[in-house]
Amino acid sequence: MPELPEVETSRRGIEPHLVGATILHAHIRNGRLRWPVSDEIYRLSDTPVLSVQRRAKYLLLELPDGWIIIHLGMSGSLRILSEALPAEKHDHVDLVMSNGKILRYTDPRRFGAWLWTKELEGHNVLAHLGPEPLSDEFNGEYLQQKCAKKKTAIKPWLMDNKLVVGVGNIYASESLFAAGIHPDRLASSLSTAECDLLAQVIKAVLLRSIEQGGTTLKDFLQSDGKPGYFAQELQVYGRKGEPCRVCGTPIVATKHAQRATFYCRHCQK
């Protein structure tokens, strides 16, 4: 599933081609996504795009009368096309722009979403979200406060959007490795120093992935059709049985609640 770096990479890639241009019309080939594509999107015509923003894993296209909320789901990606290339099986939505560009949404598993809202505030998919991990609000003090009485393992807690948004399976595994924290540790067992370090490395890992265009393991592509290159820098995720890049100990993989967890027994305590 695309996580924060992949969604932010998409935002940065499409923004220059959309902001200041006008949506001439939307071409919906298959509106049966996780939720049906909103009727308002079908009716778009001569509509300027004012901004392209992100909240958590949602892309937000600001229009004069409302917002398009896009979620990439498990396998979605957005590309900017310079010409109307023939659509393939999983190309479900096109926004045809006044500058000759086309924003094309591809989603093999159709778990993504294209929604419409007049106001962002209070929308059900955006309500109850925690802070952005790259914001000043997310820091060691905040993390320690939220972990202090939490009797659950730290890894699934990091992946809870009520704690912090956008840290999914890949980046939770990578951040815990960078901080030297075992993924099964109780959140309440983390010390002040460990919370400070973990907040710092989460920011560093996410920023590095954004620099590399995100992580492509299967379906994700950047807006120019290229893969994300952070996969080449993964320390533990997807490396079961391979030697730890730090100590040489084979990487361990376990599964909890259908989620794979990767870690080094020697480096993470």
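Note: Cβ is positioned from N, Cα and C throughout, glycine not excepted.
As stated in Swiss-Prot, the feature zinc finger covers range 235-269 out of the listed 130-164, 235-269. For the DNA site, Swiss-Prot gives Arg109, Lys150; the one candidate out of His90, His123, His128 that the record lists there too is His90. Long-range contacts of the zinc finger (235-269) within the same chain, counting only residues at least 6 positions beyond its ends with a Cβ under 8 Å from a Cβ of the stretch, are 153, 155-156, 159, 169-170, 173-174, 176-178, 180-183, 217. Here Arg259 (active site, proton donor) is compared against the binding-site residues His90, Arg109, Lys150, and the shortest C-alpha distance is to Arg109. Residues His90, Arg109, Lys150 are the ones the record ties to DNA, and the longest Cα gap between any two of them is 41 Å.
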